[in-house]
Each structure stands twice: as structure tokens, then as C-alpha cells.
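Q: Here's a structure for you.
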Amino acid sequence: MSLEMSNSNGGNGIQRSHDKREMLCLLKLLKKYQLKSTEELLCQEANVSAAELSAISETDVQQVLGAALGLGDGEREPPRSASVETKQTAVTEANAAEALAKFIGDDSFDAQQHEQAYEDLRSFVEDSLDIYKHELSMVLYPILVQIYFKMLAIGQKEKARAFIEKYKSDLDGYYIEGLFNLLMLSKPEELLDNDLVVAMEMDKFVIRMSRDSHSLFKRHIQDRRQEVVADIVSKYLHFDTYEGMARNKLQCVATAGSHIGEAKRQDNKMRVYYGLLKEVDFQTLTTPAPAPEEEDDDPDAPDRPKKKKPKKDPLLSKKSKSDPNAPSIDRIPLPELKDSDKLLKLKALREASKRMALGRDQLPSAVFYTVLNSQQGVTCAEISEDSTMVACGFADSSIRIWSLTPAKLRTLKEADALRELDKESADINVRMLDDRSGETTRNFLGHTGPVYRCAFAPEMNLLLSCSEDSTIRLWSLLTWSCVVTYRGHVYPVWDVRFAPHGYYFVSCSYDKTARLWATDSNQALRVFVGHLSDVDCVQFHPNSNYVATGSSDRTVRLWDNMTGQSVRLMTGHKGSVSALAFSTCGRYLASGSIDSTIIIWDLSNGSLVTTLLRHTSTVTTITFSRDGTLLAAAGLDNNLTLWDFHKVTDDYISNHITVSHHQDENDEDVYLLRTFPSKNSPFVTLHFTRRNLLMCVGLFKS
């Protein structure tokens, strides 16, 4: 803040008065934005009393801010008047008009000329040879949309609407939803806030095209002197050309459909370490420490019996091979395993040794938990990694935990009782819990909006939840209370997931971002920015180094947790992505969508492996069996499908899968093993136990 200085005593008094007033206004502003520690420190330094602070009004604060930001030295902001408000409104409208001018591009915009140019382009595509027609037809949608934007920007709403209605039948069906949303726009100003409009402004629409097709297209717009189309192409389209034959219709459709067209080849060039981390050596944990060495051939005691060496557990004697595609163990900081964590992993390993091998001739048994008479409405469900607990989130902002075993949900003993325990005992974790407090179900209350996702920590002692109230909460399953509330997203949080190695978790939101967190910090470690619409689902890679996100912009992205960069961009879905799951080997990613399809992606190069077609409604949940041979998927069509993932990968690696038959409905049953319908119960979640029993949770709808 600049103030006019005076040499007279009176001037110094006025100056001090101004300084004091500005200081009080600054403190008032700090109080308003809840910067408590800064406010207290400044009050102490400036020796300001609470009475002085309360005497400052909001008008005083606005006047001082106005003087500092908008007026010259020593000037005071005049009282707000109708003329000032009118001026501000005019400035806002001027900004909007300036932004809208970018859509028009030329003061002499002629709607009739643009429509004729599009008609000529449409005729050119229709008259092209069949070998090039399908690739050339991909330019119609972005050019149609840009002409519509220009018509709407100059206020020709009816003409713009008629233009869309006339030509929308030429486009593929998956574009119709986007066009329908565009027809809802009624004012030019609404263009500035529309997701699709902003997406096509920020990123050029990508079209993958053979060099021959691209040459034909360029020759057309040059020979016909179509400056209108050429201008749109230069501003809003990016051609990712390649050598070779042009793609057929099925190949074009397989990777089309997102808000920004297809992924560029350079988007998937970075190396991804998709291998699994080397597991801890459990043999050292189970083998007792050797006693102090004694000489076996002691001459003073020749008859002493020799001590037997402890036998090695054959289950643990297998050495895990180092994966050349795995990241180094110290690539990202991972929490050091405690002895209790190692014992949990050891228990999981022993249970996995009794796992049933699944395949085409051996399908899993399945158990379905149905939530009945839920007046609050189930919004999510999650089963713990050890399959002992299930958590459900409800629309009334509550969370309920059930025990799935005879063991009840117990809480910690009182502090005095905990002090008396022997901390070195092997069963200390069990003895810390109070048997008298055991219950079969417990509730969590704290959110102020519907709960959209719950996630158990790998150690099963913590639970994460996210809600419409834009917060993430961490709950203790020992004290049964909220431990931390994480605030960072500014809109509803749709999904949250723990890392397989614990400590880290990731969230995604309506604010178009995903965020990486650590449980011991209330600030996000990474903010993943790049999606053009809200991020609907998120999933950690098995090695905890990467995060996958699915968005309403119809793309799937893979992010590197170390750098925060997007290392894979995958396009092919024709609707919002609703579910994600990594294969047990870490190389493949399965994604489900509201377009009823499941797509398998190869993370080594970002390519589409195959599309699985059987569901008739949104796919809400996907999971892989523990041995990685089966893929289970379910959705709102009340159907559970089991797919032979082992055959999918075998065919892909042996090059039997080609993009040309991804959408071939005659082949849709090649990988499908079985479909199980439920009785009026949409599936909420699926989970394979360590022994490969399939557990399902659904909500009965009468």
C-alpha cells in the first residue's frame, strides 16, 4: 500500500492513523480467511486489541483494498454507487465479448458461407474411395462443432440449431450425446463455461490418419479454396499421420469417441515400469535368530548332542525373481514394514497357498451380499483385503461397517489397561482390544453429504471415505472415530483408493483433478491435471508407483507418482469411464464405462488389446482373480460376467488379436465364460478373496 508522506507533525499524525487503520483492515482480512496463526502473530507484533479490531467494518476493508489495488497514491475509494456497479458489469460483458470473438475469428463471419463449405466437405468425404472414406469422415465432427460455436457466438441460435439437426445423422452414434448437450446452450456466454467447448479450445482435436488420406484432405481444401475449412483445421485440428494403409471403419471407431479425439503417439512414448516390486524375504522373519555359536566339537563335552538346524518353510523358500520391468524399490519412498505388517503379509501368503486355480473348466464360487430395506440409499461398498469386513456408504452421509466373520468389531482398551500389557508379547495386537466392546456392526458419522467411496487400508486398521462435501476422511478401525479430515478438492470427491503398500492414497473429483496424498500430511503431494472433465474413478497400480484415472471426457490416463506427469493417454470409450482394475501382473488395465463396454489396455505401449461386449448398461465394478486368470465385471444391468483373461493375453501376445475385430459382435462370446443374473439387484462392488472365492455386494431394488 502506498501512502503520501508529509513533513509536518500533523501530517505524521494522519500518516500514523492511516497505517493503524490499514493494519486493522489487514487483520480483519486474515480473520475472514481463517489464517489464525498469522492473525495472532500480527496482533501481538502490532499490539492491537480485540476492541480495535471489532470496530473495523467490512466497508472499511473494501475501501482500503480498493485504494491499494485500484487507485493512485493517497487516493481513497469513493463509496460504491450504481454507476460503479454498471461499470463493473460492462467490463465483465466486454471480457465475455472478447472471449467470444475468438470463436468467430472474423468480423465478416458469414454463416451461409460456412454451411456451404461444410456441405462441400461432406460431399468430398462421401465421394472418396472406400479405403480412405472412414478416416476422412473423422474430420466432419470437429468441423461441424466449430461452425456451430461460431454461429452461436454471433447470436444466431436458431440457425445454429438447424445446422446441427441437418447434419448430425452423418455422424457416428457416440457423438450424438455431445451434440445433444451442445444444443442445450441458449446464450453465447454459455460457450465460455461448457466442458466440450473449453476442451476443444485448450487442446486441438486429434485425428490419426494415414499420410495418403491426409494428402487427399489437404488437396481438397486447397483446390476448392476452402479458406473457411482451412482456418478451422489450422486452429482446432491436429493430424497424427502415419505411414501405411488407411484404417477401416472398425479400426477407426475402436479408438475414437473422446472429447479430444484420439491419443497422439507421443502421449504414450514414455517408459512405464509396470512390473511388481520384489517382495520382502519372509524366511528371515520366520526363522528364529541363531543362538550364540557353540563349538560342536568341544573336547570337554564330546557326547553333547548336536542341535538340529530349523527346517525352512518350503512355501517361503522360493526366491522371487527380479522383474526387469519393475521400478527400483526406492523409486518412491515407501513405508518401512513393521513386524506386525510382515506377519499380516505372511498370513496372506499362507492363505494364498490354499488358493483354488481358476480357469475355463474351474469357475469360482460366488456369494452375493444384498442390502435390503435401505431407506438411505447405498452409494458405495467395499470389502477389506482380508475379506473380514464390508463397508457401505449411504446417501444420508453415514458409513456402516459389518463383520463378515464370527469375530466381532472391537475397540481399544482404556489407557490404564493398555499400560499394563506386555508390549513384547506376540499377540499384543489382539490383547489391546476389549472383548466386551465387540459388535457385529458399527457406524461412522461426520460427512455432510452422500458418501461416494470407502477404501480399507492394507493393514485393515484404517478406512478412507470421500463425499459430496468435498472432503476426505480417515477413520480409525481401532478407536472407531475420525482421525483426519483432508481438504483440497473444491467440489465433490468421487473416488478414493489406498496404495497397495499403504501410506499413500489417491482421490479424484468433479474439479477435473486427481490428487496424491500421504496419511501423515494434510496437503496433497501431487495434483494430476490434464483431464478435460470431472475425474470419475481412480486406481493404484500394484507397485504403487502409478495411478490410473478415468474421466467423463471418455479417456483413461496413467500418471507417474514420482513426477506427477501423464505417461499414458488411452482413448476408445464412448461414454464416461466408471470403473478401473489392474491385472495382477501389472501390465494390463481394464476399464468399464457407461457405454456398457469393458476395454483391456496394454500399459507397456498404451495400445488397446480388446473390447469385451456383453453388458447392456453401465459397468460399475471390475476385478481380477487373485491368480490373474479371470476377469469379473458387473453393473447396473443386474448381470455378473466372467471373462477368460488368460486367453485374452495369450491371443494378444501371439498376435491373434487385431484391432479390426474389437467390435465384431460375432466374436463377443470368445472370451466370455459365464453370465450370472441377480434378482433385481444392481452390483455395487466385486471382490476376490485370497482363496479365489468371489464376493459381490448389491442393492435390492423392488
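We count from 1, first residue shown onward.
Note that Cβ sites are derived from N, Cα and C of the backbone, with glycine treated the same way.
TrEMBL labels come from automatic prediction, so no person has curated them.
Checked TrEMBL, it gives:
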type     : residues : note
COMPBIAS : 312-322  : compositional bias 'Basic and acidic residues'
DOMAIN   : 110-237  : domain 'TFIID subunit TAF5 NTD2'
REGION   : 285-334  : region 'Disordered'
REPEAT   : 371-412  : repeat 'WD'
REPEAT   : 444-485  : repeat 'WD'
REPEAT   : 486-527  : repeat 'WD'
REPEAT   : 528-569  : repeat 'WD'
REPEAT   : 570-611  : repeat 'WD'
REPEAT   : 612-644  : repeat 'WD'
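So where do these features actually land, and what's packed around them?
A: Per-residue pLDDT, averaged along the repeat 'WD' (371-412), amounts to 90 for this model.
Across the repeat 'WD' (444-485), DSSP classifies residues as 0 helix, 25 strand, 17 coil.
Beyond the repeat 'WD' (486-527), the same-chain residues lying 6 or more positions past its ends with a Cβ under 8 Å from any Cβ of the stretch are 277, 334-335, 341, 449, 452-453, 455-459, 462, 464-474, 533-540, 542-544, 547, 549, 551, 559, 561, 564.
Within its own chain, the repeat 'WD' (570-611) is flanked in space by residues 174, 177, 254-258, 260-263, 267-268, 272, 274-276, 325, 533, 536-543, 548-552, 554-558, 617-628, 631, 633, 635, 637, 643, 645, 648-649, 651-652, 657, 659, 662-663, 671, which lie at least six positions past its ends and keep a Cβ under 8 Å from the stretch.
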